[in-house]
Amino acid sequence: MIGKLSLLLVCVAVASGNPAAGKPWHWKSPKPLVDPRIHVNATPRIVGGVEATPHSWPHQAALFIDDMYFCGGSLISSEWVLTAAHCMDGAGFVEVVLGAHNIRQNEASQVSITSTDFFTHENWNSWLLTNDIALIRLPSPVSLNSNIKTVKLPSSDVSVGTTVTPTGWGRPSDSASGISDVLRQVNVPVMTNADCDSVYGIVGDGVVCIDGTGGKSTCNGDSGGPLNLNGMTYGITSFGSSAGCEKGYPAAFTRVYYYLDWIQQKTGVTP
């Protein structure tokens, strides 16, 4: 049986000045958190990673949803952004910021675009967290440059044990009061779905998990962002443990390879 699911909404007060907002933001992370069924021993430490080199992940999008929620996303064409269904479920509008590194600054590289044209997967299940995938259509194609680029979809699946790199502006530690100013990244290995399912009990074929041993993982605010490898996005940040981001539990991502047909049907984008 699955563990009890709790939805953590972390409210973060943020200074104004970002081109996506003309007023102070109160950002919340809608990342679903699942109670693990087993205990993992881990020494709590910073949730991983380092500040990314500015604009080294030029497909990374920052999503400001309904003036309330913050998520990440991936630019997969000049018109389409890939993100998580739990980010867009019930949303009215989204402000997509591309070309950003420090989301609390007015960087010359940033482009802000508002969209009301988006949809979640038809079979998205917010209780079981299945089909946690969504697409945002930009009202007009964005101009690509060295700071704003598209990311490729994978033509093959990612193997267990492969080191992958999730990126995002999520909380850098469980004790952090808010999300990160700057884009961060962490290198982590892919684990088996069987081992991940033994922890959460809701891990199906459409999910890929990373091993959070040592406290390296995604956290609140990273939702919808990419799982990167060799210029491709293999996953969409989906859910983690309600015990905390630093505790050594796996983090789960929507497996992009599993949804290639769905993405192509909706957008025409192929690997």
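Quick reminder: no glycine exception, Cβ is built from N, Cα and C everywhere.
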### Summary
Among Cys209, Cys219, Swiss-Prot lists the disulphide partner of Cys245 as Cys219
### Task
Name the one residue among Cys196, Ser223, Cys245 whose Cα is closest in three-dimensional space to that of Cys87 (disulfide bond); these are the recorded positions.
Ser223
## Note on the structure
All chains considered, the count of other Cβ atoms within 10 Å of the Cβ of Cys196 (disulfide bond) is 22
#### Entry: Close in space, distant in sequence - Cys209 (disulfide bond), Cβ under 8 Å, 6 or more apart
Val190, Met191, Thr192, Asn193, Asp195, Cys196, Val203, Pro250, Ala251, Ala252, Phe253
### Query
Helix, strand or coil: which one is Ser223 (active site, charge relay system) in, per DSSP?
coil
### Task
Grab the pLDDT values for the domain 'Peptidase S1' (46-268) and give me their mean, rounded.
93
